[in-house]
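Input: a single structure, listed below in structure tokens.
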Ligand SMILES: Cc1cc2nc3c(=O)[nH]c(=O)nc-3n(C[C@H](O)[C@H](O)[C@H](O)COP(=O)(O)OP(=O)(O)OC[C@H]3O[C@@H](n4cnc5c(N)ncnc54)[C@H](O)[C@@H]3O)c2cc1C
């Protein structure tokens with residue numbers, strides 16, 4: 001690996017194999033062969049028929065989730081996760097006490113709809129026939145259509161679970177196998193005037209994949225996940241050229257086999273795709289070390305109805321007028337299909353170390369984060385959880401003594417200093433450091449030194465590790481919450497440092513007031529964390545959950561009211577409309593005020609020019 | 001609160017404050033209010049430190065040191081001094097001490113203090129969660145400590161109170177108040193940027209810290225006339241700013257109506273209005289007789305309005321915080337529309353305070369006595385009319401406190417109150433306004449000009465007598481004024497019609513608008529454009545059966561009771577209208593010259609005295625300097641006058657007529673309204689234009 005000549009050789013081999021691979025029906029270069037040929041047993045994150053292993057009405061794998069056993073104790077099951085079988089005796093008592101949780105009140109999901117219950121597809125036989133030679137597969141099966149017609153916002157899942165699925169569905173799903181397939185399909189769609197909605201992992205939380213109910217043309221979902229090959233890796237320059245349908249976990253696994261990582265790690269990494277990241281301007285947990293998606297991409301190939309947008313060089317930066325790639329980053333499926341991406345890669349770090357720091361209050365924690373940002377010494381990831389999340393972190397574990405363990409362990413170490421820590425006020429920061437052992441050591445020392453200025457005490461590695469391990473299973477909690485009549489959602493924003501603390505408090509206050517005003521009886525859960533630091537501000541992530549069972553109002557409407565007012569409050573406090581979730585449909589109504597009408601006109605002008613027929617008619621982003 | 005029995009009055013439950021409880025048990029009662037959930041619990045000293053360390057202040061210190069060429073340390077030193085001058089040092093023992101003094105005094109002179117229960121509970125709940133600003137009406141110095149006292153008794157977090165600087169000259173009192181939570185504000189700080197910033201940051205730090213609610217008086221000063229004053233917006237703006245900048249998610253504004261059946265300072269106020277600082281030797285007997293300890297001051301009621309959420313108010317007024325998101329937070333300036341919103345908010349608060357102010361029967365009786373002011377009125381007539389006026393107030397939404405089912409008993413109760421204030425007397429079974437002195441009044445001659453009257457001699461003892469006789473009427477006026485706001489635009493309209501058999505709609509409208517404009521600083525008029533107020537008032541009077549319309553002519557309904565009622569209602573503001581007229585006359589006599597404000601007021605008062613002395617006007621209330629201050633302010637708004645304030649900062653302000661034709665028109669119209677079309681004093685000799 002360290003021998004540059006060997007690296008060059010592997011790149012060269014890729015090129016030399018070209019002629020053989022041209023037999024591939026896509027007629028494009030496939031360089032994944034030399035990579036994957038080493039380990040033939042590599043599986044994909046999920047098969048083309050996703051419902052074979054993925055949940056139809058909730059997050060992730062259908063064999064994974066949180067449930068209550070017959071004693072009313074919560075446990076996690078999920079054979080793919082290290083936490084499989086974890087019993088959590090503290091969760092339910094805590095929820096009963098804090099949220100008025102009542103396990104006798106249930107709202108389980110309706111069974112999956114039978115094909116007959118769903119609206120029949122709008123036929124478009126001539127288009128389908130024309131497309132068939134240019135795709136790996138085509139489906140008009142009801143389950144495929146349903147799965148491809150939603151993302152992961154609370155209201156989308158609520159509708160699925162309710163059994164009353166009266167939403168517009170895509171009429172067919174098409175799986176292209178390569179860039180040329182896509183180019184052909186888009187051309188045919190223009191010819192037949194068909195609407196196309198690109199589909200990656202389907203994990204967005206902005207309503208981006210909802211079909212516009214007034215779309216009269218047939219809608220085709222372009223499922224990108226067959227385009228999952230790493231086309232080449234350039235070890236001299238540390239770049240890789242990758243097809244955009246690759247799912248995050250597959251990308252990382254394949255890169256890791258060669259000793260690399262992309263470093264892009266959104267919490268949805270198991271299911272979201274490279275193309276989806278680009279299309280939504282996503283942000284990964286480790287952006288401090290690796291950058292956000294816009295920092296990671298070097299070249300983007302995009303098929304639009306008026307042709308392919310690309311560039312002819314791989315230089316790291318250029319001064320060629322406005323960066324056209326930024327029209328694609330965050331385009332949310334409105335302009336075309338991202339087919340291939342050249343991205344930066346990094347050697348896998350030698351050491352990955354976790355850490356945690358506790359602070360007497362959230363406010364002090366924020367001051368700490370601000371200082372770390374000022375000194376530009378943030379580790380790969382640094383997150384600050386508010387008191388509620390700190391408490392939740394303490395109950396999401398098998399030990400029967402709630403909040404004691406971390407507190408006790410810290411108490412033991414700092415007998416005298418620990419005074420002034422109130423378990424109902426303290427906040428915790430988790431750290432993830434990557435690099436050489438020396439780098440990591442130095443970094444950790446510096447971070448803990450700074451923390452002492454803000455009365456922060458190190459809470460040890462284990463608490464940090466657990467924090468990050470929970471990341472991937474936390475998404476399953478919402479489904480259990482649904483089962484017991486709770487609606488929950490997360491939302492995020494970016495905001496200048498000086499406003500972080502006030503915004504967090506104000507938004508929480510506003511929501512809890514709104515909940516009261518709307519007749520929500522049980523105490524809602526509103527919690528936040530600072531998940532990213534920048535020079536001038538931070539990303540703040542909120543969780544919101546409340547029980548709708550006692551409220552007479554239509555739950556979806558109720559949820560919209562509260563979510564929308566919460567966003568109003570975020571904006572009123574100087575927060576942005578979104579840090580990384582994107583606009584989609586649910587945040588469209590604010591975009592004009594955010595970017596000025598002239599700014600929006602610029603976007604419209606591009607849209608009109610690139611896609612005059614509105615083939616990419618998902619109706620995201622633009623008001 | 002271990003207090004006496006609660007009772008229901010006008011649909012609200014009241015709890016009495018226990019004034020009788022022993023001193024010891026009062027002093028030892030536990031006080032451990034629930035702190036605001038968001039407070040960091042800063043001590044008064046810590047608040048000061050935060051103020052001193054604020055980025056805003058630091059930036060200004062740098063700036064001043066550079067621009068004035070002085071060292072930063074010297075500016076910092078100045079800042080420290082100012083912060084100490086402002087800051088409160090709240091400490092529980094001091095509050096208890098002050099409360100005990102107040103209890104000790106009040107126990108002997110009043111019959112009870114009653115707090116509306118639900119409002120109190122809502123306030124208690126609000127201070128646990130929100131930044132709260134308590135906004136009481138301000139009729140007495142007692143207000144300063146009353147709120148703290150009943151919050152102390154009810155285990156609710158005590159307020160930090162914005163107090164005027166006048167207290168600061170009284171060493172002992174100011175230190176006691178400071179320790180009871182008062183923080184001090186200089187009366188004017190217009191051009192002193194540093195002071196203004198420090199005060200602003202101080203107030204905002206107290207607000208956002210949420211340790212204590214803030215209390216201040218939206219009217220700025222005690223209302224000597226007991227009329228609601230126009231809102232002062234300085235402090236209110238300081239409260240609005242942290243909300244617009246997102247430092248707090250909301251501020252709850254709690255209007256508080258403190259109604260005194262008798263104002264403790266009634267005689268003080270009357271003297272102040274007349275501008276006679278110390279009672280003359282000849283009248284001192286009267287003042288002595290009213291020594292606090294032996295008089296009854298009736299009861300005190302505290303009523304709450306529904307709290308105003310600043311957040312909701314801003315939304316309703318289309319004010320968004322978003323535009324402030326692109327300003328740095330240490331640099332605040334109001335954006336378009338926001339000042340107007342604050343003004344609107346100020347009036348909204350006063351409106352709420354007013355609505356909940358109790359109307360006591362003594363106000364009604366005072367109104368009747370001032371109106372039927374001719375040689376005494378019989379008891380039965382008064383009782384009868386008291387019932388009528390009570391009903392009229394209630395029809396308009398006012399809350400009248402009848403402390404007995406039997407109107408005669410109510411009547412006796414307030415006659416006693418007024419007797420003890422010395423402003424009425426009973427003579428031959430008739431009730432009449434007490435005169436301090438017997439004054440000789442001349443019969444007025446026909447065809448006088450202002451000039452004649454001004455140049456007529458009036459002996460200094462006659463002048464003194466006339467002024468002193470203003471005293472009792474002004475006390476009664478103080479009580480009458482408390483009910484005027486329920487009638488104000490009706491009174492203005494009836495004034496324009498009164499005494500005339502019929503009037504053209506157009507003429508009425510013109511007069512109504514002229515008069516309203518001239519009284520715009522004297523009273524708080526209904527919001528909205530004058531035309532709309534006119535239409536609303538017209539319809540209201542028609543609906544109430546007080547006037548009739550036929551074609552384009554308006555009549556007063558000719559039914560005896562209604563006629564008396566009409567004249568009673570217009571009579572409520574007659575002294576003020578007369579005051580405007582006197583002011584007009586005086587300004588006419590100025591003939592375009594410039595004069596200092598102080599002198600203008602004095603001279604106008606003298607003119608008023610002469611008009612009374614010569615029998616042109618009955619009401620002694622026109623001797624009140626306050627009327628002329630307000631009229632000048634109104635004239636400034638309407639453009640009749642202007643005060644070239646800026647040219648002469650620091651010195652006495654100047655008065656100059658700006659729009660002589662308009663003044664002339666007004667003089668004529670008001671004269672016509674007051675004297676049924678033929679004013680007894682003309683201005684002709686002076687009409688140079
Ligand atoms: C539990 C959970 C955790 C999450 N954590 C994060 C996080 O940490 N960071 C973050 O940034 N986001 C996060 N998200 C949001 C979501 O995962 C991201 O928006 C992600 O980038 C979406 O990728 P996807 O492949 O699932 O796209 P999809 O949901 O399939 O599509 C999203 C939008 O992109 C368009 N699109 C997809 N692929 C293409 C393509 N190839 N060409 C053109 N348009 C395309 C679609 O048409 C659609 O408009 C999270 C979501 C969930 C539910």
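Backbone N, Cα and C define each Cβ position, glycine as well.
Across the domain 'FAD-binding PCMH-type' (A:166-348), the model assigns an average pLDDT of 97. Under the heading domain 'FAD-binding PCMH-type', TrEMBL lists A:166-348.
Among the features that TrEMBL reports, FAD binding site is placed at A:267-273, A:280-283, A:332-338. Its Cβ placed at the centre, residue A:333 (FAD binding site) has 27 other Cβ atoms within 10 Å.
Other C-beta atoms found within 10 angstroms of the C-beta of residue A:383 (site 'Important for enzyme activity') number 24, with every protein chain shown included. DSSP assigns residue A:383 (site 'Important for enzyme activity') to a strand segment in the three-state reduction. What TrEMBL records for A:383 is site 'Important for enzyme activity'.
Among the features that TrEMBL reports, substrate binding site is placed at A:478. Long-range C-beta contacts of residue A:478 (substrate binding site), restricted to its own chain and to partners at least six residues apart, with a cutoff below 8 Å, comprise A:58, A:59, A:154, A:157, A:488, A:545.
The active site, proton donor/acceptor annotation in TrEMBL covers A:541. In the three-state DSSP scheme, residue A:541 (active site, proton donor/acceptor) is classed as strand. Taking the Cβ of residue A:541 (active site, proton donor/acceptor) as centre and 10 Å as the limit, one finds 22 other Cβ atoms among all the protein chains shown.
Candidate recorded positions: A:267, A:282, A:383, A:478, A:541. Those with a Cβ under 6 Å from ligand 1, in sequence order, are A:267, A:282. In this structure the alpha carbons, written CA, of residue A:282 (FAD binding site) and residue A:383 (site 'Important for enzyme activity') are 17 Å apart. Sequence-distant neighbours of residue A:336 (FAD binding site) (same chain, six or more apart, CB under 8 Å from its CB) are A:186, A:302, A:303, A:304, A:305, A:309, A:328, A:610, A:611, A:616, listed in sequence order. The 10 Å shell around the Cβ of residue A:267 (FAD binding site) contains 18 further Cβ atoms across the protein chains shown. Each residue contributes its Cα atom, and for residue A:333 (FAD binding site) and residue A:383 (site 'Important for enzyme activity') those atoms are 30 Å apart. Secondary structure from DSSP puts residue A:282 (FAD binding site) in coil.
For the pair formed by residue A:270 (FAD binding site) and residue A:541 (active site, proton donor/acceptor), distance between Cα atoms is given as 20 Å, rounded to the nearest Å. With respect to residue A:383 (site 'Important for enzyme activity'), the closest of these recorded positions in Cα terms is A:541, chosen from A:267, A:273, A:541.
When the binding-site residues A:270, A:273, A:282 are compared by the number of other CB atoms within 10 angstroms of each CB, A:270 has the fewest.
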